[in-house]
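Since the structure comes first, as structure tokens, the remarks are kept for the end.
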Amino acid sequence: MRRNWREHYNVFVANLALVLGFMLNIVVARYTLTGATPQARFLFLTPFLGIVAASIFYFFDVKWFLADYPYKKFHFQKKWTWTYLSGVFVFFANILVNVILLALLVNQMTNQILSEKYTGLLDNAYPLLWSAVGVSIFLSLISIGLSKTAHFKIDVEMLKAKKGEPTAADKTDSRPVVVDLDQTKSKKDGDNPPQASGDMTSL
């Protein structure tokens with residue numbers, strides 16, 4: 001079964017970038033919360049960069065997944081589509097939960113700094129810092145597991161369809177594809193209808 005970087009590593013890299021963003025925040029906290037003039041606002045830096053990078057990688061994975069979906073959905077069970085979408089949902093839930101934890105952390109640190117209670121500032125930040133790391137790792141593993149399972153199962157069923165072992169129609173998304181006639185006017189006569197042959201693993 002053919003593999004390439006585009007199809008099978010974007011989800012992993014996206015979740016890795018997200019986790020690293022919150023892990024590096026612990027290093028940032030050690031420098032920004034222990035100086036003579038602690039600054040809580042810098043705690044947004046690495047998580048923000050991690051979220052942006054992760055979102056870009058995941059965007060391309062979703063884009064490529066959806067590119068041929070209207071035509072290839074007839075050849076694999078629709079439950080794998082829901083499995084993939086569940087992975088996407090968990091990914092964004094991961095971001096949401098960690099942004100909330102980060103906001104609580106910055107608010108707590110800002111209040112303590114404004115009260116000029118610099119003693120134990122970093123120690124008080126550790127629980128939320130490590131909670132964010134733990135949550136990001138846990139939810140990232142779930143997201144990767146769901147997305148990779150969907151990719152693999154779809155690959156397998158597309159290859160079976162290519163070999164003449166199609167999936168039962170009642171298990172697939174059999175809704176018809178809406179064709180834009182304006183876009184097909186310029187196509188040559190004799191184009192073949194969508195089928196399972198060709199590049200079967202672009203999902």
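FYI, residue positions are counted from 1 along the chain as it appears here.
Every residue, even glycine, has its Cβ placed from backbone N, Cα and C.
Database features, via Swiss-Prot:
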TRANSMEM  9-29  transmembrane segment
TRANSMEM  42-62  transmembrane segment
TRANSMEM  86-106  transmembrane segment
TRANSMEM  126-146  transmembrane segment
COMPBIAS  164-174  compositional bias 'Basic and acidic residues'
REGION    164-203  region 'Disordered'
COMPBIAS  182-191  compositional bias 'Basic and acidic residues'
COMPBIAS  194-203  compositional bias 'Polar residues'
Long-range neighbours of the transmembrane segment (86-106), counting only residues six or more past its ends (CB under 8 A): 11, 14-15, 18, 22, 25, 40-41, 43-44, 47, 51, 54-55, 58, 62, 125, 128-129, 131-132, 135-136, 139-140, 142-147, 150
Per the Cβ filter (under 8 Å) with a sequence gap of at least 6 from its ends, the transmembrane segment (42-62) is approached by 6, 10-11, 13-15, 17-22, 24-25, 28-29, 32, 88, 91, 95, 98-99, 102, 105-106, 109, 125, 132, 147
